[in-house]
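Visitor: Look at TrEMBL and you will find 18-41, 61-82, 89-107, 113-138, 150-170, 213-235, 256-283, 352-374, 386-406, 412-431 tagged as transmembrane segment. Annotation comment: TrEMBL describes 448-472, 496-544 as region 'Disordered'.
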Amino acid sequence: ETEAAGGRRCCGRCAEGAALRWCITGALCASFLGLGMSIAVLGPTFPNLAANVGKNVSDMYYIFVGRSLGFLGGSVVGGVLFDCMNAALLLALSMLGTTAGLFVIPWCKESLLLTILMSVIGGSMGILDTGANVLTLNTWGSESGPHMQALHFSFAAGAFLAPILAKMALGGSESQELAGAEKTKQSVLKSVPTASATSTAPALEDHHDGDFLWSYIIIGTYILLVSIFLFALYSKSTSARDKAKGSAQKGRLAKYHWSLVGLLFVFFLFYVGAEVTYGSYVFTYAMIFAEMTESEAAALNSVFWGAFAICRGAAIFGAAFLSPATMIVISLVCSAASSSALAFFAHYRALLWAGTAVYGASMATVFPSGISWIEQYTVIEGKSASLFVVGGALGEMCIPAAVGYLQGRFHHIPVLTYAALVTSIMTVLLFPMMYKLANVPQENDLKEVSDSETRTALLTNSRLTEDEEEEEDVREWNDADFEVIEMNDKLKNSVTDTSLRIPRDSPAEVSLQPHLDNVLGDPPAVTGGSPGRQNGNVDWEKSE
């Protein structure tokens, strides 16, 4: 009965732990859905915000800079805080900060205050982005692949839903193109809207001045509910378990941990920069270099983000069967092939459409697979994860800006497609370097291997010594046997010779008889004579 009760308690704890892990994963996916919506909602409502503060759209670029700086700062601060406080609590607080900013933004009438609010929201997003990845790794460990893919797919779904929600709040206004284009997770620095958006701003101010605020209120309310759920998870704190797990994992840091983290930082910089650059400029490229109409260019843009979202959703199931390294290799090969086709054969319409779709699909799984891959070789804590997020954010800011600058200098060269090819080559070169560095054995592993080889050699030598001793004993026994056999043969020969030299009834026979009986062990052959012969011998002795 005691064993059965213990078994039931153990099963109950296991079931409770599994349920808690799934609750944490659901909360993180819900928070990333809100993160995607809060980032993507700014694009469709940007003219309304400009009208609220009495500025032109072209003069509002600094709010994107403010949000970008806040995102970078939040990623760094979050990486430090996650190593010293409860993860669920920190995520809940960051979600509350995002909620407060979204509730206040629609009523903001000062451009400086709007920039500060954007910075606060960016900082909260940076904390959430860093912490959710770390908490997913801590929750699932080596099984985090599908859950990491689901986490980032939730962001893509939120970015898809935000423009639709904004369009509903604006009453179907046609001032913004709401094709539902996907945004990336680190979409914190956007291009300044075009003049067409500026020209429609007065119409928005006249007819939909207050309608856009409902999109912010709805998204803010949703994020508030998610933060409350995270506070509930905090009541079932797992900080003790996380600390124990972290202390147990400290011994398996990679030999070149920070070099590996630095290479992945650069890897994400090129990857995210390429993703955002192509998604931002493919519309303009299609109209200028491919001579497409506006509707065709918008469709090409939607193909890129649509393939991105579909492949990220499919990766949730693919990660259950494929290792992160395999998924990264497949993505890099597809990215290199599609970017090469776009760079050299984009003048063929079919290749342009196919290359865009494959390029978008190849971008979908790299970021979550990269985090899952490096977790197999070293410990990923808050500081390491913050570097990955910062690398992606820097790539998103720097590479699109560089491509835009170069395209302005070289009007007749399709800089976008060549930039896609260059970034693909860089990622293809970086991953083998990271793989080689990650598989360098640690000093402890080398010592264990050396000790194992030493023990094996000693055991082998001891076995050889024992075998040699046994063989030596066998040889000694064989030599002794041969000596005995030779001695017996000599004795037999000597007896035979003596018997031939001495007469049949010689007295020597009597003296030799006991010796033969003892040595040859065959007394009947010699003494087994008849009584008559014995009597004859006696009579002969008497006659003597």
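Cβ from N, Cα, C; glycine included.
What you are looking at is a predicted structure, and each value in this text was computed from that prediction instead of being measured.
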Visitor: Can you tell me which recorded stretch out of 61-82, 89-107, 150-170 has the most Cβ pairs within less than 8 Å of the transmembrane segment (386-406)?
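Guide: It is 61-82, which has the most Cβ pairs under 8 Å.
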Visitor: Can you tell me which recorded stretch out of 113-138, 213-235, 256-283 has the most Cβ pairs within less than 8 Å of the transmembrane segment (89-107)?
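Guide: Of the candidates 113-138, 213-235, 256-283, 213-235 scores highest.
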Visitor: Looking only at the recorded stretches 18-41, 113-138, 213-235, which one has the largest tally of CB-CB distances under 8 Å to the transmembrane segment (150-170)?
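Guide: Maximum Cβ contact count belongs to 18-41.
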